[in-house]
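Q: Sharing a structure below in structure tokens format, with a few things to ask.
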């Protein structure tokens, strides 16, 4: 992996900086590094592809070195360099695609393609110029089974889940009470509702709770908590649990009371926040517990009183809600992230070249299914292909 990164970084710098008119002295160190890369690669043959519709390609390296000059780089010099650069970039692109197309149930973090395994050989260790990439550092740590720390912004940690539970129900579905939620990506929205607006509840208060277990623990998370769930703020028709009928939900939004959010790790409470909204932080957690109340307003204007009658029919449904959004966090496992294109890059390559479904990843790289059953094998393979995708993204946009 270090060799692949060093090759890509060298090629990116060469493509950007070896241009006509540049003083040789300004790029002399880069050209020496470039020549070291050529010397190491010359005389070697590689093969990529041969999986799905990814074509088999053979690569032979036999390039001359870039010379020195006392003046600016001229057009001929740059053209010679450009021919070499483009061949190397094409090679790296195909190595990366070949690697992203492959998976293994055992030692999935190690190189899987023939070309990538060859690049991992001892003779290429001289190509090791700059390995400051966060992904490379974490890949090295994970490869040695040591602690890693990926920093994510809006991590896709929650598998998609959208449903409801009813704590009070009737065949006519005309006096319901319960919760509904939507968990996806880095956000939880949950709403508690009571058609009768807690008219018969103790102290006219209904209590709601929503618990979400993460597939991987997060640390040092910055979180936004809001006393609203906008996705449940408009009327809708909902299929009943048994699919036999549908019921009407017509929310009128109230502010939730006694809001409490707990962050737990292995069943132990790590952080607790009560009636605190906006930005909060959580130190270390693998479970989130949200609890909140719907209180029937003790004093109402005639207009509000008309919304919440003492008896049926209940045409408007009292609703309270919360939104919890993870803005950034650290995780020891690699995750898809809304601010990165790595999952999209890997999925696009696998779809474009009709890569057959293997023993590790789900069809179409379905993220909800992948994160729901996030096995160590999937984690290893995902870290490898994401690292390769991050390297490829330096050269291929």
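Heads up, the Cβ atoms here are built off N, Cα and C, so glycines get one too.
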Q: In Swiss-Prot, which of 26-37, 38-49, 50-61, 62-73 is tagged region 'Interaction with the inner capsid protein VP2'?
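A: Matching range for region 'Interaction with the inner capsid protein VP2': 62-73.
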Q: Give me the DSSP three-state residue breakdown of the region 'Interaction with the inner capsid protein VP2' (62-73), ordered helix, strand, coil.
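A: Going by DSSP assignments, the region 'Interaction with the inner capsid protein VP2' (62-73) contains 0 helix, 1 strand, 11 coil.
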Q: Check the DSSP secondary structure of residue 286 (Ca(2+) binding site), expressed as helix, strand or coil.
A: strand
